[in-house]
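> Here it is, the structure in full.
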Amino acid sequence: MKVTSGPAFALCSLLLLLLLLLQVPDSLSLVPQPRGHLCRTRPTDLVFVVDSSRSVRPVEFEKVKVFLSQVIESLDVGPNATRVGLVNYASTVKPEFPLRAHGSKASLLQAVRRIQPLSTGTMTGLALQFAITKALSDAEGGRARSPDISKVVIVVTDGRPQDSVRDVSERARASGIELFAIGVGRVDKATLRQIASEPQDEHVDYVESYNVIEKLAKKFQEAFCVVSDLCATGDHDCEQLCVSSPGSYTCACHEGFTLNSDGKTCNVCRGGGSGSATDLVFLIDGSKSVRPENFELVKKFINQIVDTLDVSDRLAQVGLVQYSSSIRQEFPLGRFHTKKDIKAAVRNMSYMEKGTMTGAALKYLIDNSFTVSSGARPGAQKVGIVFTDGRSQDYINDAARKAKDLGFKMFAVGVGNAVEEELREIASEPVADHYFYTADFKTINQIGKKLQKQICVEEDPCACESILKFEAKVEGLLQALTRKLEAVSGRLAVLENRII
């Protein structure tokens with residue numbers, strides 16, 4: 001039977017064409033794809049034990065609830081996956097909801113939002129006893145012990161308990177329950193260590209205030225994630241380097257490149273932008289609270305930044321100042337003219353120890369580091385990176401304000417016990433782009449990647465070279481699309497002949 005061409009056939013052809021076009025490879029897409037994230041959590045009976053004693057103000061308790069919600073968001077919640085219970089405590093213990101109560105993430109999050117503080121004393125031992133003997137029991141929804149099901153308790157507290165936690169914690173650990181202890185503010189750190197499982201550096205966390213407790217959420221999201229290495233399996237879209245983390249990955253670039261805003265592709269870094277000069281000075285806290293092993297990680301962090309700079313007399317210069325109770329200039333701007341020499345000097349830097357005089361160090365930066373006599377160049381962008389792990393023992397506000405008033409681009413990097421208010425005082429505007437915090441020295445390399453993007457200014461998108469590159473890219477995409485359309489047209493012609 002002969003089928004003639006007509007409106008119906010034209011409509012059919014158009015639909016076929018659209019279906020085939022939908023199969024055009026993703027590589028032709030002009031829209032950046034999001035960074036990879038895939039996480040499956042192993043089946044877990046998880047109980048939060050949350051201190052809401054009178055020392056925890058209502059606004060601070062709200063921040064705890066945000067932290068809890070962020071951790072829950074990352075879990076596979078369900079009767080056969082992760083079950084979550086919550087125990088609220090002060091002088092008494094109040095079970096907010098048992099493990100069996102909520103089979104979905106949405107209902108769990110609603111239950112967390114409804115929790116109110118109790119506002120009396122601090123009976124942490126009593127709360128732990130309840131969590132272990134009641135909250136994880138069969139009657140409350142706890143499952144039978146099995147190698148396939150984890151039993152986890154996370155304690156959040158900000159004070160010294162009015163009872164003992166040692167014995168009950170030992171019994172819990174002996175029975176196979178994994179204990180995490182999170183301390184806030186003036187918490188008794190010895191108590192945290194008595195509660196937590198080994199290794200303690202993975203099970204004890206401390207933050208200066210409730211304002212930064214949310215920053216711990218990522219750690220717990222990764223702790224519960226058991227998905228395979230996405231970089232090793234090739235399930236990523238990074239142009240150069242893939243850096244794996246549990247259930248996720250981030251893209252990185254080779255030495256001399258910086259990551260673009262799409263989080264996947266890389267550009268050559270030119271120190272303060274193509275053809276511009278940057279004077280960059282690191283102001284590094286070498287106080288005793290840092291500890292020698294962490295100071296070595298700080299040195300690696302510095303060299304990670306140096307690796308991305310185009311070091312030369314015309315472009316990027318680097319200086320380094322270490323401070324504690326006193327200030328020591330390790331090397332001024334312009335002393336070293338190659339990355340290799342700068343990195344060697346950083347590796348050879350010795351650890352000062354003693355106190356934390358951040359205010360005096362900032363004043364030194366202003367009065368000495370960015371002067372012509374110390375190698376600074378008139379007209380060059382002035383960038384200061386302040387790295388600290390604790391509260392300053394002197395006043396920082398005046399010096400921090402003056403540095404920004406002079407036009408210095410100031411970045412503040414805090415680790416562990418660093419005080420958020422001080423970091424924000426140091427950071428340039430917008431503060432969100434110039435202030436960085438992590439709870440653990442082991443993760444400062446992630447801050448390094450973010451800093452690289454801020455220091456390395458993108459070239460002018462309207463510059464002639466950029467326009468030519470864009471035009472060439474678009475032309476290539478159009479040619480590829482044209483070839484695809486020609487192939488589709490050929491297939492349609494063959495199909496039409498067969499039908500006829």
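Just so you know, glycine gets a Cβ as well, placed from its N, Cα and C.
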> For the record in Swiss-Prot, which of the ranges 355-383, 384-412, 413-441, 471-499 is the coiled coil one?
471-499
> Of the listed cysteines Cys231, Cys253, which one does Swiss-Prot record as disulfide-linked to Cys242?
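Between Cys242 and one of Cys231, Cys253, Swiss-Prot records a disulfide, namely with Cys231.
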> Considering the candidates Cys225, Cys251, which is the cysteine that Swiss-Prot reports in a disulfide bond with Cys238?
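Swiss-Prot says the disulfide from Cys238 goes to Cys251.
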> Can you check which residue among the disulfide-bonded residues Cys231, Cys253 has the largest number of Cβ atoms within 10 Å of its own?
Cys253
> For Cys251 (disulfide bond), find which of the recorded positions Asn80, Cys242, Asn348 come within 10 Å, Cα to Cα.
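Within 10 Å Cα-Cα: Cys242.
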> Take the C-alpha atoms of Cys238 (disulfide bond) and Cys266 (disulfide bond) and report the distance between them in angstrom, rounded.
9
> What is the interatomic distance between the Cα atoms of Asn348 (N-linked glycosylation site) and Cys242 (disulfide bond), given in whole Å?
30
> Report the nearest neighbour of Cys231 (disulfide bond) in space among the recorded positions Asn80, Cys253, Cys266, comparing Cα positions.
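Out of the listed candidates, the nearest Cα belongs to Cys253.
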> Other Cβ atoms within 10 Å is the metric here; tell me which of the disulfide-bonded residues Cys238, Cys251, Cys266 scores highest.
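Max Cβ neighbours within 10 Å, all protein chains included: Cys251.
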> Please identify, among the recorded positions Asn80, Cys253, Cys266, the one with the smallest Cα-Cα distance to Cys242 (disulfide bond).
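Sorting the recorded positions by distance from Cys242 (disulfide bond), the top entry is Cys253.
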